[in-house]
Amino acid sequence: MQQLTTTLLTGLTLGAVFSAFALALVMIWRSTRIVNFAQAPMAMVTTYVALVLIDAGASYWVGFVAALLSGFVLGAVIERVVVRHVEGKAELNAVILTLGLFIVLHAAAALVFGSRFRSFPAPFGVRGLTVGDSTIPLTGFGIFTLVSVLVVMGLLVALFRGTDIGLRMRAAAFGPEVARLLGVKVGRMLTLGWALASVVGSLSGLLIAGGGLVHPGYMDSVVVYGFVAAVLGGLESPGGAVVGGLSLGLTLSVVSGYVGSEVVPLAALLVLVVVLLVRPGGLFSTVHERRV
Amino acid sequence: MPDTRPDATAPSGSPLLALEGVTVRFGGIMALSEVGLDVGPGRVLGVIGPNGAGKTTLFNVACGFQRPDEGTITWKGERLDRLRPHDLAGLGIARTLQGLGLFERMTVLDNVTVGADRHGRAGFWSGLLALPRSAREEAALRERAMAALEELGIAHTAPRYPASLPYAVRKKVALARALVAEPELVLLDEPASGLSGEEMDELAGLVRGLTSRMAVMLVEHHMDLVMTVCDDIAVLDFGRLIARGSPDVVREDPAVVAAYLGDDVGQEA
């Protein structure tokens, strides 16, 4: 029983981080039809921004906010300067471009921040909470992870569903030509979409780093899990990304707890293959046909 | 060329939108050849012609989708040389599309609210940060969108998704989305296609009703509708303007009869 609780709580926390990362991928896919392979190194760079500030004596929270803000700027700049040129062109161009960005950001981070492992602080305890005389495996940082991901998702839903700017962003994503005719500045909406997605990606970077070690490649494995979570949810649906992330986190945690941690990446790929075979559109996709 | 017609059929003498000597080539093909026409406030201009005559190209020029190789476009006397599609709404020009172009994954009300956006004054950042001022304006935009749906008698469809509605209703949604911006000129691309006779009568009444608030320019195959609702008709054939005038004048024009009506009477889309 104790082990099951541990496994599930770990899975939920892990899943929340995957959800955030998957959500960032989905937001960019929906608006620009681009799978952003550079999402992981973008989040890595912004985590380093926080780390540099914290190491210079700033509080964790200053670093946290600075990372999210730099995520916003980084996302906007990358869309406006680099990605704009491949929007609406052949998919392969965008794939090559974001893979190239992946490599460039990696190398640049190693040059600027060094490639050694550096420890990253956590704002809350990373040890299990004590209830009575037993320790439950939910850490303060775990709770923070869940809450912050939920808050960010709530804010995004409020933005997209409840505000005029969210409406314009959706219009620009669903029908750019028509949106232009209606006076929507589509380019600006796409830039904003990338900026917001990059903020969400930055959050996942901070949450993965918290209480652990940071180096230029520390987010790379999250690409695989975040991508699987996004595909699980259909790549189109923000809600699907969240459910996909949580269910992947739980599945992998169960595999790790009961089978062995060395087969976790294998299990993730197995999930991906099974989903693509059984429901190629993802578990939550409303799209029935897909251009190959 | 200033328009100094003494007859005061138009509420104001000067045209809203004027095209002069507009030429568009696609490779070696002349899609439009030195076409000149204008539409004044409160007027309904119909553009007709056989398939491939250049009607859609003309519309695309008028809304900035297609830049002319030669010629000028003026809006209220000012030249629009670098008109971009997203500038159009701000100028006070709205357009409907043949394919309707409704956002399928947004409700009818959301679809129409996007069109109302020209009236949103809240800035980009206050919208993003959801400041109270922008919240008030968003409520106002929704009210405006709702009013546009009510005007077309489809207020009950507001919470529904376009795919679940009959074609004629979807056309009204697209029209509401164009009208909610309260443009001074609305371009209607084949407004009657796919409508029944009864629906078309309703459309004719609607278009005439618009003239108290705006000018209308429409491309249409349906001759009955064009002859009923238009003040002016421009006839295109192979990219050239072959006739221009009131319905009666155009109907009797020998060039029109030869090029268009003569061969194709009754061949309606």
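Don't overthink the numbers, they just go from 1 along the chain as shown.
Glycine is treated like the rest: Cβ placed from N, Cα and C.
Among the features that TrEMBL reports, transmembrane segment is placed at A:6-27 (among others).
The transmembrane segment feature in TrEMBL is assigned to A:34-54 (among others). Proximity of distant same-chain residues to the transmembrane segment (A:34-54), defined by a Cβ-Cβ separation under 8 Å and at least 6 residues beyond the stretch ends, is recorded for 21, 24-25, 28, 60, 62-64, 66-68, 70-71, 74-75, 78, 83, 86-87, 91, 94-95, 98-99, 101-102, 105-106, 108-109, 112-113, 118, 120-121, 197-198, 201-202, 204-206, 209, 214, 216-220, 222-223, 226-227.
Long-range contacts of the transmembrane segment (A:60-82) within the same chain, counting only residues at least 6 positions beyond its ends with a Cβ under 8 Å from a Cβ of the stretch, are 32, 38, 42-43, 45-47, 49-51, 53-54, 97, 101, 121-123, 190-199, 201-203, 205-206. Here TrEMBL flags A:60-82 (among others) as transmembrane segment.
Under the heading transmembrane segment, TrEMBL lists A:94-115 (among others). If one looks beyond the transmembrane segment (A:94-115) by at least 6 residues along the same chain, the residues whose Cβ comes under 8 Å of a Cβ in the stretch are 32-38, 40-42, 44-45, 48, 51-52, 78, 82-83, 86-87, 215-217.
Annotation source TrEMBL lists transmembrane segment at A:135-160 (among others).
Positions annotated as transmembrane segment by TrEMBL: A:190-211 (among others).
Summarising the annotation, TrEMBL assigns transmembrane segment to A:266-287 (among others). Here the transmembrane segment (A:266-287) has Cβ contacts under 8 Å with residues 224-225, 227-228, 231-237, 239-240, 243-244, 248, 251-252, 255, 259 of the same chain, all six or more residues outside its ends.
Beyond its flanks by at least six residues, the transmembrane segment (A:6-27) meets 35-36, 39-40, 43, 136-139, 142, 145-146, 149-150, 152-153, 156, 193, 196-198, 200-201, 203-204, 207-208, 222, 225-227, 229-230, 232-233, 235-238, 240-242, 244-254, 256-258 of its own chain at Cβ-Cβ distances under 8 Å.
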